Amino acid sequence: MGYQGQQPVVLPQRDLDDKETLVSEHKHKGKTCRQSAAVFNVVNSIIGSGVIDFSLVLLIKGGALSGTDTYQSLVNKTFGFPGYLLLSILQFLYPFIAMISYNIITGDTLSKVFQRIPGVDPENFFIGRHFIIVLSTVAFTLPLSLYRDVAKLGKISLTSTVLTTLILGIVMTRVISLGPHIPKTEDAWVFAKPSAIQAIGVMSFAFICHHNCFLVYGSLEEPTVAKWSCIIHVSTLVSVFISILFATCGYLTFTGFTQGDLFENYCRNDDLVTFGRFCYGVTVLLTYPIECFVTREVIANVFFGGNLSSVFHTIVTVVIITAATLVSLLIDCLGIVLELSGVLCAAPLIFIIPSACYLKLSEEPRTHSDKIMSCVMLPIGAVVMVVGFVMAVTNPQDCTHGQEMFYCFPDNVSLTSISVSHFQLTTPFSVLNLSIFQ
């Protein structure tokens, strides 16, 4: 069955013939937004969280084939209630864990920003991570999450994307100014060590916005498969480019010392990075509401028939955010959160479920490219899920949360096999003091 993508593809929640669904001219009555706003919403979700191009398009095609307009209804139509229940759990857990991770990042990042204010005691309760998490939740993420229409977050997502570009510039700058003075770990450039499977789990966490795709697709003025494919291609190229630059620059600077939260590697007296931390904290705060939208939608579909009154909309939002905040106050290591969420939630949401749905729904011949790709993606997802979980549990990532790295202290320069006098003789400033960070 071909996808011409020239007519609006409406995904009503009723059974329609596949061909009728694909060419339906019925006017889409949902909330709408421009394509540019949809791109920024997707990019924002990707960079806070990311995407795999093909499976996103596959989801929308599956929705068109089944006559459904949500990820949950697609799986329910394809695999019945057991599949629907499993997806609902995964689709709730992934963005919920993402919200927890964003809170952890906000607390870790902004606490170091406020510690740089002259005259502020680093031990002050009001600049501690716990207080910052609670304050940012009440003042920013909760009000933004109370919006009912994801299209209203388009401008906010644009702001987040711009700030991400600034952060990338700071990280790239520090590759040149700081990287040569950080010791390189042994076998730093050996590719694909056994822990690579764990890295795939983290990347799966980063490269997913499948739980958001129907929300963003539904916000388009005239949703079509062709228009959606264009948005996804643009969003993917931008997001992958930014992600690769971040990963490369971070690892070039710190090699094996790289933490789950890259900003944990930089010294607290680095003023340029302090500005980057502030931008990063704001970016995370602006990404948070999109994840809350998804968790709330899952609960609405499972328990309220897909519709929430104004009162229940507020109650459910407050309960979700309160639960995420409480958990984030108890957990302070980001790496293990990303690994487990990636292998247990993101891998099936990205690789397994979209492929399985399309293979069951599509009437294309087995040699069709979409079916071939689906047959490849499904077992890859299963391997990543099983092996990644085992390795994450048996070989957890080290976490140096809240600690200054050893190279930030002049007294520990000897650990880098370079003496302080060497720095003083070969550079006009000491690498490990304030002057390098101005």
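Cβ atoms are placed via backbone N, Cα and C, with glycine included.
Curation plays no part in TrEMBL annotations; they are all automatic predictions.
What TrEMBL says about this protein:
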- 67-392: domain 'Amino acid transporter transmembrane' (DOMAIN)
- 81-105: transmembrane segment (TRANSMEM)
- 125-144: transmembrane segment (TRANSMEM)
- 156-176: transmembrane segment (TRANSMEM)
- 196-218: transmembrane segment (TRANSMEM)
- 230-254: transmembrane segment (TRANSMEM)
- 274-290: transmembrane segment (TRANSMEM)
- 311-331: transmembrane segment (TRANSMEM)
- 337-359: transmembrane segment (TRANSMEM)
- 371-393: transmembrane segment (TRANSMEM)
* Asked: Residues of the same chain, at least six outside the transmembrane segment (371-393), with any C-beta under 8 angstroms of its C-beta?
  -> 54-55, 58, 194-195, 197-198, 200-201, 204, 336, 339-340, 342-344, 347-348, 350-352, 354-356, 358-359, 362, 364-365
* Asked: Which residues, given as numbers and ranges, are at least 6 beyond the ends of the transmembrane segment (337-359) yet have a Cβ under 8 Å from it?
  -> 52, 55-56, 58-59, 61-62, 65-66, 74-75, 78-79, 87, 90-91, 93-94, 97-98, 100-101, 104, 198, 200-208, 210-211, 260, 331, 370-371, 373-375, 377-378, 380-382, 384-385, 388-389, 392, 396-397
* By Cβ distance under 8 Å, which residues at least 6 away from the ends of the transmembrane segment (125-144) in the same chain are close to it? -> 103-104, 106-108, 110-111, 114-115, 117, 153, 156, 281, 285-286, 288-289, 292, 317-318, 321, 325, 328-329, 332, 402
* Structure fact -> Contact set of the transmembrane segment (81-105) with the rest of its chain, CB cutoff 8 A exclusive, min separation 6+ beyond the ends, reads 48-49, 71-72, 75, 133, 136-137, 205, 208, 211, 261, 280-281, 284-285, 287-288, 291-292, 294-295, 298-299, 301-302, 320-321, 323-325, 327-329, 331-332, 334, 337-338, 340-341, 344-346, 348-349, 353
* Stretch of maximal Cβ-Cβ contact with the transmembrane segment (230-254) [cut-off: under 8 Å; candidates 156-176, 274-290, 311-331] -> 156-176
